[in-house]
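Before any comments, here is the structure.
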Ligand SMILES: Nc1ncnc2c1ncn2[C@@H]1O[C@H](COP(=O)(O)OP(=O)(O)OP(=O)(O)O)[C@@H](O)[C@H]1O
Ligand SMILES: O=c1[nH]c(=O)c2[nH+]cn([C@@H]3O[C@H](COP(=O)(O)O)[C@@H](O)[C@H]3O)c2[nH]1
Ligand SMILES: NC(=O)CC[C@H](N)C(=O)O
Ligand SMILES: [Mg+2]
């Protein structure tokens, strides 16, 4: 994988003349910028802020947005734009909007000055906008509530720039140089706490930059089918890692449209699946999806590698590596039948998987922290024989669900709660192979999910599951003292898995589930409910 591969896989083509390119300097909100722009029906994608100029030119953007980031432009080692960036921008009349770090970088690059602020601005702030600016147009809201997150501030503007908004603390909040098509916001218009943020982005992109808001998800479908046809030779075969989850089901259906019977799907039973999942998934694939799928039993292979491993990142890397081994072995088997080894692997990787994982080159996340290595991205081994096809790599879950509807993927698949590839391994804290942990967790999880379904709540919850804790607590059951395991239940609401809130069940529901679990699952005498949002927690416990 590398820059070239990523660019092949993006959902944009050169003829998308309305492209908004977000250059990422490591802000936790960068993904939200692209997301908000797409919500405005404008196509946007993101690459690393320090990508070479050739990568930017290849994408031919009409607008470039420079994201925020944790660094300070006045300190050594702060990430910067590639050489020749500003010449390229001016020569091609590209509009540039800097957000937070992006604004500060623009100011510093063009001859202004940025310094540590005397009083920093974090969280909800009020700004006052000046009438008559291009950036805000005829906006009626002179005072706006915005979300700030900065410790540096602009103390001197480059030539040709004007201040067009200030915070109530008198710090620069927005600047512009319309003659050069340069604009900057010190706050984050992309977060919902900036009450007029979407309006400002829409006005900037449509009215100031003249972009037509006509991008549709349908475009992704056609573009991806063309891209895949271009990548895969007429005689080439492709395998698809199919989990039965939303993402790989949509990815497989899309690739099947492009290359038909040269696609071979493989479902891996890694021993980390939920109660009766293998049987259920294989049955629905056959009856509803009509895609040929081979099931590989790799239970022993995975569990023996995971024995005694307790570190979450180690578990993820082992699982990522083992998946690839299985796929390589599957290719060898196919080679015997086809006379030819498959060259490509389709995965249902989504944008959030990329954002949170160890950043691969060109992913646009070179300046952020690794939160956890999703098995299908950061958990992949460095040397891979198969080339990746990831048609959903730049999409969020809700966009994938919509794409699935366009592709007529049965509703049952699209409505499923996400289930991570490392499965129960990241829901059993500590050693996965510890006596009965997997079996216990399967039973607890099944009771919880069935209760949610029976209560008619499944579709209002984004994801729900149980966690096995390596903690024993004292209980009293049938007048006897017990010293058994505690389990945790988690249910969340979310739009895209990037941020989440815990789901507020009625106490009666929780009481009933808790009783059912303790009464029917041996070895469990305590149930706790997770009431943490993301952030500060993540969805999974590991
Ligand atoms: N058991 C499995 N067998 C084969 N491939 C798998 C398996 N589990 C995960 N994968 C691969 O890893 C990718 C990422 O997993 P992930 O759980 O994010 O997506 P998904 O399972 O397709 O969808 P969902 O998020 O709804 O669970 C999948 O799209 C699929 O390509
Ligand atoms: O396929 C996957 N491989 C992984 O390694 C992985 N880790 C987390 N997840 C899923 O991603 C979403 C966000 O989860 P976190 O807040 O725990 O990162 C949630 O939906 C998680 O279930 C994964 N999916
Ligand atoms: N959120 C940001 O982009 C912050 C930029 C810079 N690190 C500052 O503190 O001012
Ligand atoms: Mg899954």
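The backbone N, Cα and C atoms fix where each Cβ goes, glycine too.
TrEMBL has this to say about the protein:
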type    : residues                          : note
DOMAIN  : 215-416                           : domain 'GMPS ATP-PPase'
BINDING : 243, 244, 245, 246, 247, 248, 249 : ATP binding site
Residues within 8 Å of the 243, 244, 245, 246, 247, 248, 249 Cβ centre (excluding the ATP site residues themselves): 242, 250, 251, 348, 413, 416
243, 247, 249 as binding-site residues, winner by CB count within 10 A: 249
Distance-selected binding-site residues near ligand 1 (C-beta under 6 Å), from 243, 244, 245, 248: 243, 245, 248
DSSP-derived class (H/G/I helix, E/B strand, else coil) of residue 244 (ATP binding site): coil
Sequence-distant neighbours of residue 248 (ATP binding site) in its chain (C-beta under 8 A, six or more apart): 240, 241, 242, 346, 347, 348
Those binding-site residues listed as 245, 246, and which of them has the most Cβ atoms within 10 Å of its own Cβ: 246
Where the C-beta lies under 6 angstroms from ligand 4, the matching binding-site residues among 243, 244, 246, 247, 248, 249: 243
Number of Cβ atoms other than its own within 10 Å, given for residue 244 (ATP binding site): 20
